[in-house]
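Participant: Look at TrEMBL and you will find 1-19 tagged as signal peptide. Taken from TrEMBL, the feature transmembrane segment applies to 59-78, 90-112, 124-148, 234-254, 274-297, 309-335, 355-376, 383-406, 426-446.
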Amino acid sequence: MGRIATAAIVSLWVIPVSVLVNRIVPDPYMDEIFHIPQAQKYCNGDFMSWDPMITTPPGLYYLSLVHVAALLPSKYVLQLAPSFPEACSTAVLRSVNGVLAVLCSIIVYEIITHLRPALDDRKLGAMAVVIRQTNIIWMLFVACSGVIDITMAHQKDSVEVDDSKASNKGTNLSALNTSVNVSSNLKRRKSRGNSKANQHIFYPSNTSSASQTLGLLHEIQAIVLSSWRIKWELLVSFSPFFFVLLAFVAFLLWNGSVVLGAKEAHAVSPHFAQIMYFSIVSALFAAPLHFTIGHALDLFQSFWKNRLLGFLLLFLASIASLLSVHFFSIAHPYLLADNRHYTFYLWKKIIKFHWSMKYLLVPFYVYSWLSIFRLLGKTRRRIWTLVYFFATSAVLIPAPLIEFRYYTIPFYFFILHSSINDSQSWLLIGILYTVLNAFTMTMFLFRPFHWDHEPGVQRFIW
C-alpha cells in the first residue's frame, strides 16, 4: 500500500507540471538542445553519432528508446505518431523524467522501509522525492557499507560465542549444556546472518570525543581483522562491484577523463571549498534538524564532555576550512557567466559580497559538518560516517563547477540515514521544499528574460 501511495503522490505533481512545462516551453531548452537531438538520433537508428558537448554516458537515451517503444502502440492506434522516429518528440522524451521520478520514489520508499522498518507507512507515503543516477564513488560507498555491516556482525557473533563459552565453564554438565546452547545459537545466527548484517542499527551517541576516537580505532581494527578472516566470502559477495570498478578504470584509460565531452570545461580541479558549500547547503535544506536550540546544545555538550580533544578537533576543522576557502575556492567561467541558476546569485550576492565573506562563513561550514556527523552518529557506526565523508569528498572536490545536482546523492544518503523521528521536522522540511520548488517553477515558467549577447528566451532554473 505504501508503494502505491508514494507513486500516486509523486504522480499528482509530475503529471500537471509536465503538461504545464510542455505547453509553455514546447521547444528544447538549455541542456535539452544537446540531449533531445542526441536521443532522436538514437530513435532514427543512428548509434554512432555523438554530440561532443554531452558529458554523460548514453544510458538515458537507451531508456528513452524503451519508453518510446512502450508508448508507440497507443500512439499508432490514435494516429499521433505513424513511425518510431516521429514518436520521439520533445514532450515524449521529457516524459521519461516523469516516469523515472515515480520509479525513483518507489525505490526511495523501499530503501527507507529497509533502513527503518518500524516507520509508519503513512509518513513514507508522504515522501515524494526524486533521485538522480549514481556514479562509481557511491557504488563503492555502498559496497563499503556492506563490508562494514557484514564484518561487524561477524565480529559480534564471534564475541557472543566466546562469551557463551567463557561464562558456562564449570562442571562437566554445565560444559555439556554450553556446547549444546552454543551450537544451536550458531545455527540460528547462520540462518539469519545476511538479514542481521543488513539491519539499520541504532548506536548510542552520548559518548565523549575521546571514547568516540577510541571506538573508531576499535571499529577499524575489528573490520580489518574480520575482513581478513572472511576474505573469500567477501570477495564472492562483492565481486559484481569489483567488476564494475574494473570496467570504470578501463573507461578512464580509454577516454582519458571522467566525462565524455567538453573535457576542458570539466577538468579535475582541487576544489576543496566544494565540500564546505555542500555542508551548509545540506544543513539549510534540512534546517529543522540542524538549527534548533536543542540540537545546538546537544552538539555543544558532546564537545564539552572532553573539552581538550573536542576543541582541538574544532580548531583543526576551522583551520582546514579556512585553508580550503582561501587556496582552493574556484570560480568557474560557467558560474560567473550564467545568471539562470541559484549558484550565480549565491556566489555574487553572498560569497563575493565582500572579500571577508568567504572567511566569515567558515564557522557555519564547520557547524554544518559537525551537525551532520552528530546526526549520523546517532544511527550509524563511526566508521560508516567516516567513509561517508570520504565518499562525499571524492565526488565533490574534483568538480570545478558549483552545482546543486552534485550534492543530491550525498544529501539523500544523509537524510536516509539520519534520525528524523518527529512529524514536525518532516512537515517543516516538506513545507520548505514545496515553497522553494513552487518559487523556482514560477520563475522558470512565468518570468522569462533576454540576453543582449544571445538571441532567444532565457529562463531561471535550478
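Every residue, even glycine, has its Cβ placed from backbone N, Cα and C.
Because the structure is a prediction, the values reported are computed rather than measured.
I would like each feature placed in context: is it buried or exposed, what are its neighbours, and how far apart are things?
Facilitator: Within its own chain, the transmembrane segment (274-297) has Cβ neighbours under 8 Å at 321, 324-325, 361-362, 364-365, 367-369, 371-372, 374-375, 392-393, 396-397, 399, 402, 404, 406-407, 410-411, 414-415, 418, 420, 424-425, 428-429, 432-433, counting only residues six or more beyond its boundaries.
Tertiary proximity for the transmembrane segment (383-406) is limited to same-chain residues at least six positions away from its ends with a CB under 8 Å from its CB atoms, namely 132, 135, 137-138, 140-141, 144-145, 148, 216, 219-220, 223, 258, 265-272, 274-275, 277-278, 281, 330, 332, 334-335, 341-343, 347, 373, 376-377, 413-414, 417, 462.
Tertiary proximity for the transmembrane segment (426-446) is limited to same-chain residues at least six positions away from its ends with a CB under 8 Å from its CB atoms, namely 17, 20-21, 24-25, 123, 126, 285-289, 420, 459-462.
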